[in-house]
Amino acid sequence: MRRAVGFPALCLLLNLHAAGCFSRNNDHFLAIRQKKSWKPMFIYDHSQDIKKSLDIAQEAYKHNYPAPSEVQISKRHQIVDSAFPRPAYDPSLNLLAASGQDLEIENLPIPAANVIVVTLQMDIDKLNITLLRIFRQGVAAALGLLPQQVHINRLIEKKSQIELFVSPGNRKPGEPQALQAEEVLRSLNVDVLRQSLPQFGSIDVSPEKNVLQGQHEADKIWSKEGFYAVVIFLSIFIIIVTCLMIIYRLKERLQLSFRQDKEKNQEIHLSPIALQQAQSEAKAAHSMVQPDQAPKVLNVVVDPQGQCTPEIRNTASTSVCPSPFRMKPIGLQERRGSNVSLTLDMSSLGNVEPFVAVSTPREKVAMEYLQSASRVLTSPQLRDVVASSHLLQSEFMEIPMNFVDPKEIDIPRHGTKNRYKTILPNPLSRVCLRPKNITDPLSTYINANYIRGYSGKEKAFIATQGPMINTVNDFWQMVWQEDSPVIVMITKLKEKNEKCVLYWPEKRGIYGKVEVLVIGVNECDNYTIRNLVLKRGSHTQHVKHYWYTSWPDHKTPDSAQPLLQLMLDVEEDRLASEGRGPVVVHCSAGIGRTGCFIATSIGCQQLKEEGVVDALSIVCQLRVDRGGMVQTSEQYEFVHHALCLFESRLSPETVQ
């Protein structure tokens, strides 16, 4: 009885298992079969054609799975139809790709970073669905993943490449659709891949980001949009370069024009000297005046570098540059200022020494102007002239600079102690140091001049250049020698270039034979006051040092109030030190800002004592003592502004 019941049950189970095979749901069976045999069910060689592959597959199928009996099939149909609906079995549909059908190609928009490119040694157009499935299974085996996680995205026929990507197993919503190519390649076993897919030849695997990104970017660049972008970029670059070149050329032109104007303003024109033309055979050899012939004119131009250039011109064809100082057309000898013969040796024109060694008429007239020029201004006139800057500029241009020629200073190597080679002390008012060595005249030299004060008071000031590293000892020797109570410094240590060295100590310093002690520092709004004690042997001197730092670079201050306050403080200290030496004033060259301070100080004393001021006479007096004092027309205007401001603050009782 038990055998009768067990046999139909066993037949039923076999029928169900066979029905699963015929309905193509035989994955479980194949897996078991493959597991037992430890080798794949179907092996295809790449040299076999499709027909031979089909024959081998069908023979293997019949050999392993013999056809069931008709009774079993009829029984099995009833069960399979109810549980496993299946279409008619056609092996060609499973193994061959129908024309126009790409069941395994997904063509999804996967990012390049997630795509893997596999390069094969066989033509892509020879691949069919069967080979693609084998390829997918081999890649999955090399990755240790399920075949369902490997997706063939695109076939590249020209390069014999297959694009694929790997999806994560059990992907949750919100997770990326494909894994990163770099991450997949790290887990790929290339040896397993090549052993599983020998029919595909040599296989090379790489991420698309490295293989194709450069090509894609190049394609984008040379597309229509990329071409336009390149053209726009080149156009912008050319425009920028052109603009920079234009700006550079304009800047060069402005600098050249500025240099030419500066050189033109600094040129010194000496008075034309009439030269006698060669006498004709009909004239007497000793005749000096030949009215029937146009005399030649010798015009000497001294450029800012101190080079003299003699120039001979005929007055009949060339007009002489007008001189700002006009001479009355009186007698010939008076007009010339000398009875020296006008006959010159033309071969000696290259040597300009005689023009320097002998005082020229032009220089004499310039000195006469400096000693006699005057324009007294009352308070209303001072306010009016301050409002007319062009009148002040014209007046300033008439004042001779009275610079000194280096050959007038008979001291060897004196140039080593000059900050600027064209700014030299006037020999008549030069400060001479007590010689350290009688045989060394250079030890007596310092670039400094005594300056007269109000009413021509002798040695009221000393105007000097900013000390250099090799003249600091000379500077302190001069302060000690002259017993100066006050030092006024109107410059920073550096304004683009060095203007002055730090010549005082922080606490204590020894300079030559003079010891300098700083005993107090007082910081004011626009200047710093230091109380100094100078010692030499058993003797001491007290000196106040004013360092004015509010003067802007390359222009005059906007307000004269700080300079006026400095001047009043210095004047108070000077009066408190009656009987001592001159006030030492310096900037960098010792003529520009130094001249402004001294001229303002003298003018304020004149306003206080007389109620009027003669700024023109004051500046001329300064230039007699030191050439170039009050260096520019802007500084000349600034002096008038400072005097006008001081005058407005004077009370009627103060004016005498």
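From the backbone N, Cα and C atoms, a Cβ is placed for every residue, glycine too.
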Same-site substrate binder from Gln606, Gln621, Gln631, given that Swiss-Prot records Asp553, Cys587, Ser588, Ala589, Gly590, Ile591, Gly592, Arg593: Gln631
Rounded to the nearest Å - Cα separation of Cys587 (active site, phosphocysteine intermediate) and Asn128 (N-linked glycosylation site): 97
Would you report the average pLDDT that the model assigns to the domain 'Tyrosine-protein phosphatase' (392-646)? 94
Can you grab the distance from Asn128 (N-linked glycosylation site) over to Gly592 (substrate binding site)? Cα atoms, rounded to a whole Å. 98
Pick from Asn128, Ser588, Gln631: which of these recorded positions has the biggest number of other Cβ atoms within 10 Å of its Cβ? Ser588
Restricting to the same chain and to sequence separations of six or more, state which residues have a Cβ under 8 Å from that of Gly592 (substrate binding site). Gly628, Val630, Gln631, Thr632, Gln635
